[in-house]
Amino acid sequence: MAGPSLRPHVHWAQRHRELYLRVENPDITIADNVLHFKAQGHGAKGDNIYEFQIEFLEPVEPKPVCRVTQRQLNITVQKKESNWWERLTKQEKRPLFLAPDFDRWLDESDAEMELKEKEEEKINKMKMESRVPKDPFKHLKKGYLIMYNLVQFLGFSWIFVNMTVRLFILGKSFYDTFHTIGDMMYFCQTLALMEIMNSLIGLVRSPLRPTVMQIFGRNFVLFVVLGSLEEMQSKPVVFFIFYFWSTIELFRYPYYMLSCIGIEWKPLTWLRYTAWIPLYPLGGLAEAVCIVQSIPIFSETGKFSLGLPNPLNVTIQFSFLLQIYLIALSLGVYINFCHLYKQRKQHLGPKKRKMK
C-alpha cells in the first residue's frame with residue numbers, strides 16, 4: 001500500500017515564450033493557471049505518491065507538452081505572452097521542492113540573444129527559400145539524371161568486365177576488341193551526347209566546353225576513324241582506347257548518380273577526382289596513336305578527301321585534316337586536364353578556414 005504524499009524535486013528554466021519543468025515520473029494537468037502533478041514511485045521510503053502544485057506567475061496555455069525518458073519527465077509549458085518572468089510562481093517565496101535547472105538555465109540577456117539568433121536564422125531561411133524558385137519538374141529531372149547515369153554506368157561496366165575477362169581469364173587477343181565490344185561502345189558514346197544537352201539547358205552545372213571537347217573527341221575517334229576503316233578495327237590500340245575510356249567512367253557515373261540523391265561516399269569521391277590523373281593522359285595518348293596509324297590508310301584510300309571544283313582543282317586530303325586534329329587533340333587534353341585538376345582541388349583540397 002502506498003505511503004503518504006511526498007513532493008518530488010522539480011527543476012525549471014525559461015525562455016521568452018516557454019517554461020521548462022523537469023520531474024522524475026508523472027500525471028500532469030493545468031487548470032486555472034495551476035499545474036497539478038501526481039505520480040506514484042519507489043524511493044528511499046518505499047512506494048509513495050508524489051505530487052505538487054505550481055501556480056504560475058502569469059497566464060500559460062492549458063496543454064503542456066510532456067516527454068518521458070527512462071529517468072525523468074520533461075514538461076514544456078507555453079506562455080500566453082512572450083516576456084521574461086522575474087520568478088516562476090505567483091507566491092514570492094520559492095517552494096522548497098523547486099530548484100533551477102542549470103542544464104538549461106540562461107540569464108535574460110542570454111535568452112534574448114538566443115531568441116534573436118533563432119529569429120535571424122528563421123528570416124534567413126525564408127529569404128533563401130524565396131530566392132530559389134520552385135521547380136515543378138524537380139523530381140522528374142532528378143529521376144532522369146539518376147537513370148541516365150545508371151544506364152551509362154552499367155554500359156561501361158559491361159565493357160570493362162567483358163574486356164578484362166576476355167583478355168586476362170580467357171586469354172583472347174587484342175585484335176577482336178572492336179568486333180566484340182564496338183556495338184556497346186557505340187551505344188554508350190551516342191547516349192553521351194545527352195550530356196551536352198544537359199549542360200546546354202542547365203540541367204547539370206558542368207561547364208559546356210570541356211564536355212563538348214571530350215564527347216566529340218571520343219566520337220570522332222570511334223565513329224569516323226575506327227568505324228569507317230576496317231583496317232583500324234583489328235589493331236591492338238583499340239583495346240587500350242576502350243579500356244581507358246571505360247575505366248574512367250566506372251567512377252564518374254556512380255559518383256554523379258549518388259550526387260543526384262545527395263549522397264557522398266568519400267572513397268568514390270577520391271577515385272572520381274584522382275583516377276583520371278593517369279587514365280586521362282593515357283587515353284589521350286591512345287587516341288593520338290590511333291590517329292597516327294590511320295593517317296597512311298586515309299592517304300592511300302582517299303576516303304573523306306574533298307576535291308574542290310575548277311579553277312582551283314585542289315584536293316584537300318582528309319589525312320591532312322587528321323594532322324591538324326592531332327594538334328587540337330593535344331590542346332583539348334591540356335584544357336580538360338586543367339579543368340579536372342581545378343575540380344580536384346575544389347573537392348579534395350584543404351578546406352579554407354573562415355575568418356573570425
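Backbone N, Cα and C atoms are what each Cβ position is placed from, and that goes for glycine too.
Note that this is a predicted model, so its numbers are computed, not measured.
What TrEMBL records for 5-89 is domain 'CS'.
Long-range contacts of the transmembrane segment (144-164) within the same chain, counting only residues at least 6 positions beyond its ends with a Cβ under 8 Å from a Cβ of the stretch, are 177, 180-181, 184-185, 187-188, 191-192, 194, 198, 203-204, 239, 242-243, 245-247, 249-250, 253-254, 256-257, 260-261. Sequence annotations record features per position, and here TrEMBL assigns transmembrane segment to 144-164 (among others).
The transmembrane segment feature in TrEMBL is assigned to 184-204 (among others).
Residues or ranges marked as transmembrane segment by TrEMBL: 211-229 (among others). Packing against the transmembrane segment (211-229) from elsewhere in the chain are residues 178, 182, 185-186, 189-190, 192-193, 195-196, 199, 238, 241, 245, 287, 290-291, 294, 297-298, 303-304, 325, 329, 332, 335-336: each is 6 or more residues past its ends and has a CB under 8 Å from a CB in it.
Per TrEMBL, the feature transmembrane segment maps to 235-255 (among others).
Among the features that TrEMBL reports, transmembrane segment is placed at 276-298 (among others). A Cβ distance under 8 Å defines the sequence-distant neighbours of the transmembrane segment (276-298), meaning residues of its chain 6+ beyond its ends; these are 217-218, 221, 225-226, 229, 231-232, 235, 237-238, 240-241, 244-245, 247-248, 304-305, 317-319, 322-323, 325-326, 329-330, 332-333, 336-337, 340.
The transmembrane segment feature in TrEMBL is assigned to 318-337 (among others).
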Close approaches to the transmembrane segment (318-337) from elsewhere in its chain (Cβ under 8 angstroms; 6 or more beyond its ends):
209-210, 213-214, 217, 220, 280-281, 284, 287-288, 291-292, 294-296, 298-299, 302-306
So what's near the transmembrane segment (184-204) in sequence-distant terms, Cβ-Cβ under 8 Å and 6+ beyond its ends?
141, 144-145, 148, 151-152, 155-156, 158-159, 162, 211-212, 215, 218-219, 222-223, 227, 242, 245, 249
Pop the mean pLDDT for the domain 'CS' (5-89) in here, whole number is fine.
79
Which residues of the chain, 6 or more past the ends of the transmembrane segment (235-255), have a CB below 8 A from one of its CBs?
149-150, 152-153, 156-157, 159-160, 163, 167, 174-175, 177-178, 181, 185, 188, 218, 221, 226, 268-269, 271-272, 275-276, 279-280, 282-283, 286-287, 289-290, 293
